[in-house]
Amino acid sequence: MTNIRKSHPLLKIINHSFVDLPTPSSLSSWWNFGSLLGVCLIVQILTGLFLAMHYTSDTTTAFNSVTHVCRDVNYGWLLRYLHANGASMFFICLYMHVGRGLYYGSYTYTETWNIGILLLFTVMATAFMGYVLPWTQMSFWGATVITNLLSAIPYIGTDLVQWIWGGFSVDKATLTRFFAFHFLLPFIIAALAMVHLLFLHETGSNNPTGIPSNSDMIPFHPYYTIKDILGLLIMLTVLSALVLFSPDLLGDPDNYTPANPLNTPPHIKPEWYFLFAYAILRSIPNKLGGVLALVMSILILAVIPALHTSKQQSMTFRPLSQCLFWLLVADLLTLTWIGGQPVEYPYITIGQIASILYFSILLVLMPITSVVENHLLKW
């Protein structure tokens, strides 16, 4: 008799995806982040669902409803901080996952990569809208500044901004629709993640060597399930430590001041995970130019497969490209730091240099270096 997991119509799908899936035997811990992202999404949906039961999307009561959750609801403080810091863990895993894809050449699986970029944009949009919901000073002014960027679009810009706001400023209509979208989008993210996996399982996973591993595959369970559980335990330990010991470490003090349209905070800045893009936006003096640079800082990932000039898929055996990759990581950390600094000398100059370097590495230096490596290896 056939095992039920191989014959049952529903269990068969799960079996082919998570149990009997043939997987390269050489996957390192860099391949853990996909499953960690899945766990992050589940944690965010569950904590978000319970928070939504107590939240009111009205400008007069939103701030007080969040305070009420923290003070009066059983373990409400835990839910709130798990949700806020869970977003930080989500983005840490997300950036590691994208970095892994860049380093090991996983972008050559273009369908999977493009769905991944769409996922990245959707997660960023969801996080931005969630940041607005507590209706604090930074929420309100962050929403005003970022949505206002759309007014840089020629001809339709101003109308588009007012359409998104639902009025002539960020107000009740804006908050209500942001709450609606913030609740809806995670389920769309879950659906997209399934499509992401569907395309991945069409080609099979990449591996650290970048060499086809069809002759050396092992079942996903028990080998990689155990490995993923270890990664999960490490992530949950870090998240628990963050939530229980220092829940406001990654936040901003202005998030404890109710929104006041008449008083602008001294430094308007987004959460830490958007600071690199914010620094690129600020480094260009022109509004439209800044908006284009902001969008391109993420959309540039879509052209990476077309710029792959190396004869090897992975960077494992390419030391020159490795140096450039780690320079890119350092550059992104620099941009993140600059994004949180005031707009004054020398931060403006450092931000402009780092922004130019970011685009130069991805668009110019990496393809050229790959060609040089091909010649050095006489390929």
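Note that Cβ sites are derived from N, Cα and C of the backbone, with glycine treated the same way.
With a cut-off of 8 Å between CB atoms and residues at least 6 apart in sequence, the same chain places Gly48, Thr126, Met129, Gly130, Leu133 near His182 (heme b b562 binding site), listed in sequence order. The heme b b562 binding site annotation in Swiss-Prot covers His83, His182 and is backed by similarity to another entry.
Positions annotated as heme b b566 binding site by Swiss-Prot: His97, His196. Sequence-distant contacts of His196 (heme b b566 binding site), defined as residues of its own chain at least six apart whose C-beta falls under 8 angstroms from its C-beta, comprise Thr112, Ile115, Gly116, Leu119. In the three-state DSSP assignment, the secondary structure recorded for His196 (heme b b566 binding site) is helix.
What Swiss-Prot records for His201 is ubiquinone binding site. In the three-state DSSP scheme, His201 (ubiquinone binding site) falls into the helix class. Residue density at His201 (ubiquinone binding site): 14 other Cβ atoms are found within 10 A of its Cβ, drawing on all protein chains shown.
Residues or ranges marked as transmembrane segment in Swiss-Prot (evidence: similarity to another entry): 33-53 (among others).
Positions annotated as transmembrane segment by Swiss-Prot: 77-98 (among others).
Swiss-Prot lists 113-133 (among others) with the feature transmembrane segment.
What Swiss-Prot records for 178-198 (among others) is transmembrane segment, and it gives similarity to another entry as the kind of evidence.
Per Swiss-Prot, transmembrane segment is recorded for 226-246 (among others).
As annotated by Swiss-Prot, transmembrane segment applies to 288-308 (among others).
Summarising the annotation, Swiss-Prot assigns transmembrane segment to 320-340 (among others) and lists similarity to another entry as the type of evidence.
For the transmembrane segment (347-367), same-chain residues at least 6 beyond its ends with a Cβ under 8 Å from one of its own Cβ atoms are 279-280, 282-284, 293, 296-297, 300, 303-304, 307-309, 321, 324, 327-328, 331-332, 334-335, 338-339, 341. The annotation transmembrane segment is assigned in Swiss-Prot to 347-367 (among others) on the grounds of similarity to another entry.
Between the transmembrane segment (226-246) and the transmembrane segment (77-98) there are at least 3 Cβ pairs closer than 8 Å, counting only pairs 6 or more residues apart in sequence, which means the two stretches are in contact. By the Cβ criterion (under 8 Å, sequence separation of 6 or more), the transmembrane segment (288-308) is in contact with the transmembrane segment (113-133), since 3+ such pairs are found. Stretch with the most C-beta contacts under 8 angstroms to the transmembrane segment (33-53), considering only 113-133, 178-198, 320-340: 178-198. A separation of roughly 30 Å, to the nearest angstrom, links the Cα atoms of His83 (heme b b562 binding site) and His201 (ubiquinone binding site). Cβ neighbour count for His97 (heme b b566 binding site): 20 (other Cβ atoms within 10 Å of its Cβ, all protein chains included). The distance from the Cα of His97 (heme b b566 binding site) to the Cα of His201 (ubiquinone binding site) comes to 17 Å. Around the Cβ of His83 (heme b b562 binding site), 21 further Cβ atoms fall within 10 Å across all displayed protein chains.
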